[in-house]
Structure formats: C-alpha cells, structure tokens
Amino acid sequence: MNKLKVGVLASGRGSNFKAIVQKVDSAEVKVLIVDNPGAKAIEIAKEFNIPYEVVDRKKFSNKLNFEKEITNILDSYKVELIALAGFMRILSPGFVEHFKWKIMNIHPSLLPSFPGLNAQKQALDYGVRVSGCTVHFVDAGTDTGPIILQAVVPVLDDDSPETLASRILKEEHKIYPFAISLFAQNRLVIDGRKVKIKDI
Ligand code: GRF
C-alpha cells in the first residue's frame, strides 16, 4: 500500500511530530518544516532521519514570500497532507485555499472553547471541569475548522497550566496520529461543518 505523504510544520518542541512519526503506519512524514532555527523538533527529525527545512520568517520580507517557500518545499515532496504540530503562525487564507482540506491542526482545548494562545490557562481561568484537545481541519479562521476528533481530560482543583497541559498532551499524542491514520485510509468525509468517519 502506498503510504500517505505528510509534511509537518512545527515551531517548537515537536512532541506531536514525534508521535505522528512513531504511531502512523499508513503515512510517512516526508519533511519537517520549522519557522525558526531553534526549534527542538529539528532534533527529532535528525533522530528519525527525516528531511527538515528551516524557513526562517525573519529572512522573508513578507508573509506571502514566506508561505511561497513553504509551498514550494511541500510541493517538492509531493505532500498530500500537512499536519500543523505546534506551528505558531496563522496561515493566510490563500495558503489554506491552496491546500484546501489537506491541512490538520491539533489544539489543546475542546474547541470551540478556548481557541488561540494559552488554551490551557484560558480553561483554568474560566473554571471548566473538563478540557482536552481537538484535531481539526484548518479553514481560514483561527481554530475554527471542521472537527475530526476530540479527547477529554478532567481539570483538577490544584491544576496549573503546566499540569493540565501535560495531561492534555498525552491525549494529543493518541488522537493526532489516529486522525492522520483515518485520513490516510480515506475515511474522513467533510460534510459542511461536520466530519464523518466512514467504516472500512
Ligand atoms: C501542543 O499543545 C499543541 O496542541 C499546540 O501546540 C503544542 C505543541 O506541542 N498546538 P509539541 O511541539 O507538539 O510538543
């Protein structure tokens, strides 16, 4: 079986990138693209012998050219799915349209609650009893695209943003690889805002 060709975009630690590399049999990460040379995710790419490219936003005069470079790299690897894994930039509507319904993201809250930055702190400040994570397709909004999978964790009275984040992260490492496997098996059907999961 031909494996789905995946490109991962990350800015930092890369633990979701690692989970995808280790857990998805039906897909192969062809390239890691990071937007800063200090991203720890590069070490993981080296460990697993995955090609990586640093596309440093500071070296581009505008966002369009920065995204053009990313697009060229993804196209050169014939990537069929882009997985955002802690990529700390909003992609422009043009980029999202170019790769329509071929971009996934993982967010550390139960969307549509607490989109954007510091989702775990937002959840604690609000006082919710449960939180979790969401894998969704990316549309032109911020964390607004059709939801593929979610996982729930309890919020404990003595949680800090860090303890909640680490409880959520364990679930991220399960549902992100699973969502990518489902995509690779052509089992995700987008129907308006809803994503249906087909049986095999
Ligand atoms: C995760 O919490 C993810 O939900 C969010 O950014 C963080 C990335 O962590 N989008 P890592 O770099 O995958 O370890």
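Note: Cβ is positioned from N, Cα and C throughout, glycine not excepted.
Feature annotations, reproduced from TrEMBL:
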type	residues	note
DOMAIN	5-179	domain 'Formyl transferase N-terminal'
BINDING	GLY14, SER15, ASN16	N(1)-(5-phospho-beta-D-ribosyl)glycinamide binding site
BINDING	LYS63, MET88, ARG89, ILE90, LEU91, ASN105	(6R)-10-formyltetrahydrofolate binding site
ACT_SITE	HIS107	active site, proton donor
SITE	ASP143	site 'Raises pKa of active site His'
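The subset of recorded positions (SER15, LYS63, ASP143) lying with their Cα within 10 Å of the Cα of the residue listed as 'active site, proton donor' consists of ASP143, given in sequence order. Other residues of the same chain near the N(1)-(5-phospho-beta-D-ribosyl)glycinamide site, with their Cβ within 8 Å of the Cβ centroid of GLY14, SER15, ASN16, are ALA10, GLY12, ARG13, PHE17, LYS18, ALA19, ALA41, ILE44, ALA85, GLY86, HIS173. Recorded residues ASN105 ((6R)-10-formyltetrahydrofolate binding site) and ASP143 (site 'Raises pKa of active site His') have their alpha carbons 8 Å apart, per Cα-Cα distance.
In this structure, GLY14 are the recorded positions from GLY14, MET88, ILE90, ASP143 whose C-beta falls under 6 Å of some atom of ligand 1. Looking at the domain 'Formyl transferase N-terminal' (5-179) alone, the prediction's average pLDDT is 98. Residues listed for (6R)-10-formyltetrahydrofolate, LYS63, MET88, ARG89, ILE90, LEU91, ASN105, cover a largest CA to CA span of 20 Å.
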